[in-house]
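> Sharing a structure, written as C-alpha cells. Questions coming.
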Amino acid sequence: MASKVSPNTFRSVFKTIDKELVRWFPGHMNKGLKQMQHKLRSVDCIIEVHDARVPISGRNADFKYTVGGIKPHILVLNKVDLIDKYYLHSIENHLKQEYKHIIFTHCKNQQCPGLLQVFPLAQKLIKESDRYNRSNEEDFNIMIIGIPNVGKSSLINALRSRYLGKGRATSVGAVPGVTRSVLHKIKLCEKPLFYMLDTPGILSPNISSVESGLKLALCATVEDHFVGERILSDYLLFWLNKHSHFDYVSHFNLTEPNDNILDVLTHIAQLNKKTIKFKDHTNNYVIRPDLDQAAHILLRAFRVGNLGRVMLDEDLLR
C-alpha cells in the first residue's frame with residue numbers, strides 16, 4: 001500500500017524556523033585547521049574521510065585550497081553500507097571533476113574491498129610524488145581529515161588492525177568530535193614504516209543551506225541537541241516521504257505513510273511503551289506519549305540502516 005501513495009500527499013518544502021540552526025560548530029574546529037596547516041611539512045599524503053550518505057553536502061571547501069591542495073589526496077567515502085549501491089557510479093562521476101582518487105569504504109568490515117585499497121593507493125601516490133623536504137625521510141606520514149563522526153578513527157583502527165594486528169589506537173563513538181586533540185602520531189605499518197596523524201573533525205562554517213545542515217545533522221556530524229531531535233525527525237520524515245522511501249512504515253508497524261510528525265512520533269512512542277508523567281493544571285498526574293524518546297528512536301533507526309539504504313544528496317546528482 002505504501003508504494004501506491006501519491007507524492008502529492010506529502011509536503012514539497014520543509015519549512016525551518018531559523019537559519020541560525022546551522023551555527024553549531026565548536027570553536028576548536030577552526031583552531032584545528034590552522035594547526036594542521038602548520039604540520040604539513042611532515043605529511044606525505046592526505047586522506048579526507050566523509051560520509052557516503054552526504055557525499056556532496058558538508059564537504060569542507062577549505063581542505064582543497066589549504067590542507068588538501070598541497071599533498072597527494074585521497075577521498076574516502078565511508079559508511080557505504082548505508083546507501084543504495086545504485087548511486088555509487090553517479091557519486092564518483094560527480095566528484096571526479098575535482099578529485100582523482102575516490103574510495104568507498106565500510107570500515108567496520110575488515111574484508112571491505114575499498115578498505116583494502118586505501119593503504120596501497122596511499123603508498124603509490126607518495127612514491128609518485130615529490131616529497132620535497134621529506135625526500136630523505138625513511139618513514140611516511142598520512143594525515144586524516146574530515147568533518148566529525150564520519151569514521152576517521154574507525155578507518156585508522158581498521159587499517160592498524162589489518163597491517164599491525166593491533167586493536168584500537170583512537171577513540172570511536174557516536175558523539176561527534178570524540179577525537180579532539182590534534183595530530184596524534186599512530187603507527188600504521190612496520191614495513192614500510194607508516195604513521196597516521198589523527199585529527200579532530202573540521203566542520204566548515206560555510207554550510208550552503210539550512211537543508212544541507214539538516215542532512216549533516218541526520219548523519220550525526222553534530223550532536224543532536226544543537227538542532228533538536230524533533231526537528232531532525234520531522235526533516236527525516238519529510239525527506240523519506242519526498243523520495244518515496246517508505247521502509248519506515250513497515251519498520252514501525254504503521255498502516256501507511258504519514259507526513260504528520262506528531263502522528264508518527266505518537267505511534268512510535270506507543271509502540272515502544274515510551275511515556276512521560278507530569279501534573280496538569282488540576283495537580284493530577286497525566287501520562288502522555290514521550291515524543292522526545294520517540295524522535296530519538298526514529299533517528300537511531302535511520303542511522304543504523306533500519307529504514308532502508310538512503311543517499312541524502314540524491315537531488316544534488318540530478
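Please read every residue number as a count from 1 along the shown chain.
Backbone N, Cα and C atoms are what each Cβ position is placed from, and that goes for glycine too.
Bear in mind that the values here come from a model prediction, so they are computed numbers and not experimental data.
Straight from TrEMBL, here's the annotation block:
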BINDING   ASN78, LYS79, VAL80, ASP81, ASN149, VAL150, GLY151, LYS152, SER153, SER154, GLY201  GTP binding site
DOMAIN    33-205  domain 'CP-type G'
> Where does VAL80 (GTP binding site) sit in the DSSP three-state scheme?
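It is helical.
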> Work through the binding-site residues one by one (ASN78, ASN149, SER153) and point out the residue whose CB has the fewest other CB atoms within 10 angstroms.
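The binding-site residues ASN78, ASN149, SER153 were compared, and SER153 has the fewest Cβ atoms within 10 Å.
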> What is the pLDDT of the domain 'CP-type G' (33-205) when averaged and given as a whole number?
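Within the domain 'CP-type G' (33-205), the model's average pLDDT equals 81.
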> Enumerate same-chain residues with a sequence separation of six or more from GLY151 (GTP binding site) and a Cβ-Cβ distance below 8 A; give 'none' if the list is empty.
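Expected: VAL49, ASP51, ASN78, LYS79, THR105, CYS107.
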> Including all protein chains displayed, how many Cβ atoms other than that of VAL80 (GTP binding site) lie within 10 Å of its Cβ?
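Result for VAL80 (GTP binding site): 26 neighbouring Cβ atoms inside 10 Å.
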